């Protein structure tokens, strides 16, 4: 069953006062996006005059500064929410003092607090020496620890890690994960190094972070990112636990995305891709938004294209395929493939593992041109930043752009998509599945017990006794004893009757997190009359939450 904003499921969680009439909300949203005024203006739906906090951040080039890109999006959200933040302050101050306080805290939130730049030597297997460069940026400590991945790439720069760290702050706030934002990068191409050399680099980088106080269970917790995975996270955990964390019982909580044997959690590998799926699901099943786009709700008749067939792209493709959408194109750095009849994710994964590339896949042909401009309903950029620009945005044919990567859309492209009535589901919401499940893993490490272990047998026995109680009640009612009225669980209930596994709990928690956050974004978009500008709505939500922490904590040392 497809939803309209504000119906029973949402009302039961947020309360009727939080949302108002479902019909009125949907009508207001639909009217705004089509450029029609609402029949009767409602509270919160008045158009907002945006303040231009930073004109310099509005870079109009195809390759804008990444950090200024994020700052520009922040400024857009801040200009909208400032009046509400002033209004909500419950202090004995004048209007001017309140506004100064709000603007001051917004200036505190925006910059990157710490950036560590380091270099260290390694001896390679052939006996030569090389100096490795690396960075770690901590954007905000309004919540600790800081959280953010480590990527290995020759494109790593100070600007990139600062931008990604700031995105992590807002991302965590959007999905209510209590972390500050951080990011790290090591400037190497991992394909040019042996496994032994990569282990040396990873362990030495960990020690350099530890010496500077940039890693620890309560300080800064890295995670996998581009070209890193379980193996690298295991090396980091072992290095920290064997050295500076030797006496810390929580040492293995210094990093997430670890193998299960090292304190990892079931469902972490696929978490970001699964989060992308749930994020798309929440909007594609929303009848009001689909009506705006001229589409029918649900995945059944939808086609999609994935740019980037790494961890995020693969698992996004798997889940969309499983729920009825058809993948017609996949793009990688060395080329793209196309099949209008559909591409099976498992077959493509096996082919790439065997051949090292998607090119040559027998059930698809090579796609000439940019896969970003291919004909589809849903486009999932899941590669790197700044892929959708002012140059190619007018040629994008998809009606929904689901940002699986960080920062794939430049501000100018974002503006073009809004003008063309294309829905962009923003990165700071859509790819938050990874950090959400990383949070679950971190909690598991601090609790030193896996999810479900303490309740597994109790739940199974409770379900058994419930069924027996129902059966005995029916037998007493109809005077038949001895099991002549058996109560047989349905197949779906039978799957759950033995209790939830750790993976079940993780998947359920992730789905709920993405659903709740999507509802918050939808409500904010309606409240501020933003229509399809979901990115600004997400930034508004993030800014409100981070602002509240700073404001209530106080700013004594200023």
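From the backbone N, Cα and C atoms, a Cβ is placed for every residue, glycine too.
Among 302, 346, the residue that Swiss-Prot annotates as N6-acetyllysine is 346. Just one residue in 84, 98 has N6-succinyllysine written against it in Swiss-Prot, and it is 84.
The annotation in Swiss-Prot ties 147, 171 to substrate, and of the candidates under consideration, 384, 391, 438, 450, the one tied to the same site is 438. 457 is the residue among 212, 457 that Swiss-Prot describes as N6-acetyllysine. The recorded positions near residue 147 (substrate binding site), taking a 10 angstroms Cα-Cα threshold over the set 172, 270, 322, 512, are 172. Cβ packing within 10 Å was compared across the recorded positions 147, 200, 322, 386, 545, and the lowest neighbour count falls to 322. Within the set 147, 171, 438 that the record links to substrate, no two Cα atoms are more than 13 Å apart, and one pair reaches that distance. A simple Cβ count within 10 Å picks out one of the recorded positions 252, 266, 346, 365, 444 as the most packed, and that one is 252.
Note on the recorded positions 142, 143, 162, 171, 503: the fewest other CB atoms within 10 A surround the CB of 503. Cα of residue 143 (NAD(+) binding site) to Cα of residue 172 (ADP-ribosylcysteine): a span of 10 Å. Note: the Cα of residue 438 (substrate binding site) and the Cα of residue 512 (phosphotyrosine) are spaced 15 Å from each other.
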